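S.K.: Swiss-Prot lists these features:
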BINDING   77-84, 148-152, 202-205  GTP binding site
DOMAIN    68-349  domain 'tr-type G'
TRANSIT   1-42  transit peptide
Amino acid sequence: MSVQKMMWVPRKMVGGRIPFFTCSKVFSGFSRRSFHESPLARSTYEEEKVLVDEIKQKLTPDDIGRCNKLRNIGISAHIDSGKTTFTERVLYYTKRIKAIHEVRGRDNVGAKMDSMDLEREKGITIQSAATYCSWDKEGKNYHFNLIDTPGHIDFTIEVERALRVLDGAVLVVCAVSGVQSQTVTVDRQMRRYNVPRVTFINKMDRMGSDPFRAIEQLNSKLKIPAAAVQIPIGSESSLSGVVDLINRVAIYNKGDNGEIIEKGPVPENLKPLMEEKRQLLIETLADVDDEMAEMFLEEKEPTTQQIKDAIRRSTIARSFTPVLMGSALANTGIQPVLDAIVDYLPNPSEVLNTALDVSNNEAKVNLVPAVQQPFVGLAFKLEEGKYGQLTYVRVYQGRLRKGNYITNVKTGKKVKVARLVRMHSSEMEDVDEVGSGEICATFGIDCASGDTFTDGSVQYSMSSMYVPDAVVSLSITPNSKDASNFSKALNRFQKEDPTFRVKFDPESKETIISGMGELHLEIYVERMRREYNVDCVTGKPQVSYRESITIPADFDYTHKKQSGGAGQYGRVIGTLSPVDDITKGNIFETAIVGGRIPDKYLAACGKGFEEVCEKGPLIGHRVLDVKMLINDGAIHAVDSNELSFKTATMSAFRDAFLRAQPVIMEPIMNVSVTSPNEFQGNVIGLLNKLQAVIQDTENGHDEFTLKAECALSTMFGFATSLRASTQGKGEFSLEFSHYAPTAPHVQKELISEFQKKQAKK
């Protein structure tokens with residue numbers, strides 16, 4: 001056996017459970033977040049494991065036993081890969097529901113996890129539904145907290161929230177389409193939150209299904225070593241079961257809904273393929289696991305248990321993903337995935353969770369999942385229920401009891417836990433207490449998404465979730481006079497969803513809502529109509545432009561106002577310059593020598609800078625990547641005050657901005673279009689018409705995927721054009737990439753339009 005096979009590259013995994021992208025970072029021109037930086041930035045999983053092992057020493061046998069039974073699992077995938085159908089089968093086989101219902105509500109019931117009418121009609125998952133269920137494996141009972149997440153790009157925040165509090169995930173991939181654009185996005189999110197995953201290749205009963213092509217794509221596109229632990233028995237419509245490669249046994253689903261598992265000998269015609277794929281599994285594991293590598297070099301045949309242990313180690317180390325296969329709709333191959341969740345994904349004691357000690361200069365603290373420790377929990381999702389605000393909480397340390405008082409670390413407010421529930425989609429079951437590692441929900445707690453709660457004895461804060469900036473806005477006006485329901489709905493949606501923003505434009509007297517895409521905003525307008533009986537008229541979708549500068553400009557501005565009695569006086573001198581590092585956002589600095597401007601006036605200058613950046617001088621959009629330095633100035637003994645310096649700063653900024661070769665920046669989107677091969681020419685023509693830059697083309701045997709970069713301003717109405725060009729068979733996804741300067745003629749048009757609007761006022 002060739003020793004060269006073992007020349008693998010050492011793993012460089014991002015350590016820690018908390019994302020290595022700092023949450024205060026500006027993402028491709030997004031505005032800064034007032035979130036904590038990442039509490040953990042370790043370079044290797046090995047270092048992380050040392051800390052996890054140290055923490056395990058502090059756990060009692062009861063804690064270890066309780067954690068061993070727990071799995072916090074998310075289900076993520078590209079839209080229409082069959083996540084919700086898969087979850088429906090999981091709930092049925094774990095006896096949480098008594099009958100299977102299909103997505104899109106075809107049987108007038110709809111999938112259990114799609115609890116909103118809108119979800120059942122559109123056949124897409126909008127919110128992450130949380131539920132828990134039990135699974136028996138080899139005589140032991142395991143408790144799963146299960147979260148079904150949306151696959152549509154516009155609902156990315158729901159996926160982010162789910163992954164932030166989970167310990168592992170099932171990545172569902174379509175056997176026909178393979179790795180798609182949103183699969184790549186979900187993979188990036190899993191890496192950001194260091195979530196290990198088991199992969200399930202779904203829709204094996206569909207024509208054109210090819211699981212091994214999908215596995216190749218996992219390796220090449222997602223850059224994660226992946227190998228099959230099963231192969232299918234039969235293909236497409238003749239799919240009848242799977243072969244377990246590790247145990248060399250065939251698994252069949254019998255009964256009306258596949259609830260009975262039968263094991264038998266492997267069909268003779270599949271034995272050569274089974275041995276080939278089993279060997280490939282061992283070789284792939286040898287590349288990522290040291291113990292398996294030694295056995296491989298010594299040419300020893302690993303036992304079944306040794307293979308399972310190697311898969312578990314490398315999956316938890318996030319250096320490998322085992323691949324299972326089946327069809328949720330055909331009730332085939334789901335129970336082995338539940339066994340794989342138990343066998344290969346971590347329990348809460350095997351994951352490092354870190355907080356910041358606010359009382360000790362934000363020092364990092366490793367949380368211990370023991371019930372005797374002080375309580376620490378994260379509110380990761382809010383919902384408005386019929387009994388008031390429902391807050392989803394992940395307990396990281398200690399226990400949460402009904403009737404206990406808990407403290408919001410951010411606000412310092414103490415609140416009583418009046419009711420504690422476990423969620424089953426939109427239904428709930430009351431419980432008296434939950435221990436560390438569990439996910440629960442509570443009522444009557446006023447907080448924001450991402451707030452940390454403790455029992456008051458410690459002041460720990462969890463790092464918050466990364467929130468992408470909104471890229472599409474539209475004006476919205478209620479038809480009815482029911483203003484109270486309109487504002488109630490907007491307030492609720494904002495609290496529930498950090499990517500949904502609302503502002504009132506005093507000039508146009510319109511309410512502007514902003515979000516992640518057209519569908520995102522459409523869903524909220526529709527929810528307003530259904531849940532609050534508020535019909536709205538919406539304007540045309542608007543692009544969220546940004547304004548910036550390209551060269552430095554000095555300023556020396558004096559603000560004077562005399563109106564009898566005390567007047568106003570403030571003078572500021574300095575420089576306005578572009579920020580080269582887009583991760584820093586807008587920067588305000590002072591370098592005043594000798595106290596020529598007192599600190600309280602400088603603070604007012606800072607406020608003026610923040611305010612003027614919200615509405616740029618060119619077209620009234622937010623300013624991006626600009627640094628303002630005030631290094632001199634003057635005050636008047638009587639007339640100077642905070643307002644004078646705030647006004648002087650704002651006027652100086654506007655004046656210097658217009659002299660610094662300003663540019664208007666527009667959002668550039670990553671576009672992925674998938675369509676049958678016969679429409680390839682039409683789709684390329686359509687993208688060329690939009691002046692898109694085509695980056696990559698992938699041709700499958702019956703469909704192709706085009707990846708391109710395109711200005712968002714040209715993409716409105718693209719769904720309709722694509723439907724027309726592909727006879728309704730094409731699909732696409734959009735994701736924000738970066739901001740780039742608009743073409744000079746577009747900039748001229750935008751400025752001219754803005755000036756006309758201003759002149760009318």
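Glycine too: its Cβ is placed from the backbone N, Cα and C atoms.
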S.K.: Using DSSP and collapsing to three states, where does MET204 (GTP binding site) fall: helix, strand or coil?
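M.R.: Assignment for MET204 (GTP binding site) reads coil.
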S.K.: Work out the three-state DSSP category of LYS83 (GTP binding site).
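M.R.: Assignment for LYS83 (GTP binding site) reads helix.
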S.K.: Rank the binding-site residues ALA77, ASP80, LYS83, MET204 by the number of other Cβ atoms within 10 Å of each Cβ, and give the residue at the low end.
M.R.: ASP80
S.K.: In three-state terms from DSSP, label ALA77 (GTP binding site) for me.
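M.R.: DSSP assigns ALA77 (GTP binding site) to strand.
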